[in-house]
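According to TrEMBL, the features are:
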type	residues	note
DOMAIN	A:6-291	domain 'UvrD-like helicase ATP-binding'
BINDING	A:Ala27, A:Gly28, A:Ala29, A:Gly30, A:Ser31, A:Gly32, A:Lys33, A:Thr34	ATP binding site
DOMAIN	A:292-577	domain 'UvrD-like helicase C-terminal'
REGION	A:680-709	region 'Disordered'
COMPBIAS	A:684-700	compositional bias 'Basic and acidic residues'
Amino acid sequence: MTDYLKGLNEAQYEAVTTLQGPLMVLAGAGSGKTRVLTMRIAHLITNLVDPFHILALTFTNKAAKEMKERIAKVVGESEARSLWMGTFHSVFARILRSEAHYLGFPSNFTIYDSQDSLNVIKKVIKELNIDSDLYKPKKVQARISSYKNNLITVKAYFNNPELIEADERTNMKHIGLIYQKYVEACYKNGAMDFDDLLLKTNELLTRFPEVLAKYQDRFRYILVDEYQDTNHSQYLIVKALASKFENICVVGDDAQSIYSFRGANIYNILNFKKDYPDAKTVSLEQNYRSTQNIVNAANVVISKNVQQFKKNVFSDNEEGEKIKVYRALSDADEANFVAGNIWELHHSQQRKFSDFSILYRTNSQTRAFEDALRKKNIPYRVYGGLSFYQRKEVKDLIGYLRLLVNENDSEALFRVINYPARGIGETTQNKLIVFADSQNISVSQVLDNLGFYAPQLGLNNGVLTKLSDFWSMIKAFQVLLKTENVYNIAMEVAKRSGLIKFLKDDQTPEGISRVENVQELLNSMQGFIEEQQQLEDGNPSLSNFLENIALSADTQKDKEDDGTDKVSLMTIHLSKGLEFPIVHLVGLEENLFPSFMSSSTREELEEERRLFYVALTRAEKQVYFTYAVSRFQWGKITDAEPSRFLSEVDTQFIEFINPAIESRFVNHSGLKSNIFDDAPSEPRFFKKQDPKKKLSRAENPEPQSLPKNLKPISTAKIINPSGQSSEDIEVGDKVRHDRFGIGEVTFLDGTDPKNIKAKVVFQHEGEKNLILKFAKLTKI
DNA sequence: AACTCCGTAGTTTTT
DNA sequence: CTACGGAGTT
């Protein structure tokens, strides 16, 4: 029965079998952390701890799911089921639902994702007549988020002169007001954002001792994975819950803390001993994953950080090959090299495609690699990126569903009230909002009693009918909630709301793909129903479905996770906890990695360095570093210099690959390919600007349009942008457009000289419909 | 009210 | 390059 204890090393064994009291496990990369966590839970259960009393908090849903499966293999399906394991957000969302009444929230509260919350913030800023150029919504959102993560409520904010002063000093004196209005709006909408799920849990546990007691008693054994990435809010929750039994085990690696941008506080792990003076510490230092060369290279880099525990991570594996560095001429060259390399190793070493990963700093780097892999017919899968559930058409349908579950969610209401268009425009919507505010009721209450309020709304009968039709439709959908399953409800909504028909009317490729996405969403509901049926505590309700998608970032997983052999592409952040035989770490350039947003302070830079460490330690056998000397970025080609991290990896671990000769011809920049001519230490300002690099990326760059002030006015008449064109453009004319380049006019429409529309087929851009008055076409 | 085009600003990582 | 908001048209 205790077979699972065999094969553990001494430190692992201690971590698994120390069941009582506080325990900190410092788990170096690849040291078998997941295994220890899994075995520890299994060991608890075999030692007759009721799984009901165990809470395991992970950082991602994926980690939770994986671990649960592994535990089930050891202790059996039925024992594993009643275990509570999940992310902080999902576990506490569930608790908040059952205790919502304490906080004055409905139990069916909506969970706002970042986009939703940003929308609300934008509206608040607009409503307050605050200049959104000075108060960038994203910035405001980040600041509010950091307040919430540090438990600074609106009230606490206004009671703290220091905070107010600090905001005044940075010319953001209205932040407090926006924060207040934002919180009010969420409350009215019956909605919580991600940070609220933690903040409100704290509120619940501090304000209501009986609730705290209840959960303390339930969660007698608490395990927290990735403890180095917990924020203050999460830290306090754990501390409160564990304070009765103090059977708390935290697992983490300070060298892998990479989420401080989201409030993660590395001091939570650094100070664990202060919180629990009796705590036992176990260090897992043997890396079983990677070759010695990789582990040693990673150690050298991370040792540059000031802030860290001393650790001695080592590997007994083979020494392994050196890290290979490829210097690319452009981002396309880089991608081609990587794809070519994968192809080559796939054949020469019979590597599976799934042995490879491509890791990058930013999601926008994916495209080049997708192109290159597709060209070579290499199967791949992109993880992360824009979530399936964030696509507009998907969010629209979800908007309806949200509204059914929580009709106070005005975000959802106004998203769908006129989509597809049903004649309820902005003016009408504004009247509804203003009126509801003046009466201090919600818009849904106005719509519930439309007849009663109609005289005061100042809307004509036509609009009133449309409103009442819309609302009856919603009410009819709500009736379905009682009898139908998620799939049937959504299907009915998609049909009866006119959404499907509206999307199907668009026969462009994009339109067709939108229909497919909606179909995909419906399919995922079928999957959800089946999945929930298999769970002991399954809950196939619509509101549970919505919660699941709000809290899960893993995209279209069900569809694509078909076990086929694919190369993995993802950001380094997403790769944490994973491993691959061969890793390509790409885009190793200053201002990209480390990101230009994070190069200003030592702390930021150290986090980037930890990120680099994480990337490097994903690899088992072989690592390739690549960087490009020029990169197509923001529509322009920009110069880049190698990342400082490259020079931090001691040269003894590295081997440079000469760029393939033909890549010099592929690239038009004509740069020399000596790897030493841009040593990392070379200051930026010594770089010479190569004028040729300003060329467009197109393979056949169209003739460079002349600077505006040099247009040859003798041969072509410029249409005056403000209207009166005195020279006629005719069908068949060749024209030049500032943005679209050169094209031919194929069709003209309209008699009013101020309002002539032209169809123009451009060489590169295809057919466009333009209004002459605005298009600034030049006849050539 | 709905649609279209233009211009500009913003570009990190994710529950 | 893209996403969004504004401004103008139909």
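From the backbone N, Cα and C atoms, a Cβ is placed for every residue, glycine too.
TrEMBL does not curate its annotations; it predicts them automatically.
Owing to the predicted nature of the structure, the values given are computational and were not obtained by experimental measurement.
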Quiz item: Beyond A:Ala27, A:Gly28, A:Ala29, A:Gly30, A:Ser31, A:Gly32, A:Lys33, A:Thr34, what residues of that chain have CB atoms within 8 A of the centre of the ATP site's CB atoms?
Solution: A:Val36, A:Asp253, A:Leu284, A:Asn287, A:Tyr288, A:Arg289
Quiz item: Once the DSSP letters are reduced so that anything not helix or strand counts as coil, what is A:Thr34 (ATP binding site)?
Solution: helix
Quiz item: If you draw a 10 Å sphere around the Cβ of A:Ser31 (ATP binding site), how many other Cβ atoms fall inside it, taking every protein chain shown into account?
Solution: 26
Quiz item: What mean pLDDT score does the domain 'UvrD-like helicase C-terminal' (A:292-577) have in the model?
Solution: 88
Quiz prompt | A:Ala27 (ATP binding site) in three-state DSSP notation | solution = strand
Quiz prompt | Other CB atoms within 10 A, centred on A:Thr34 (ATP binding site) | solution = 17
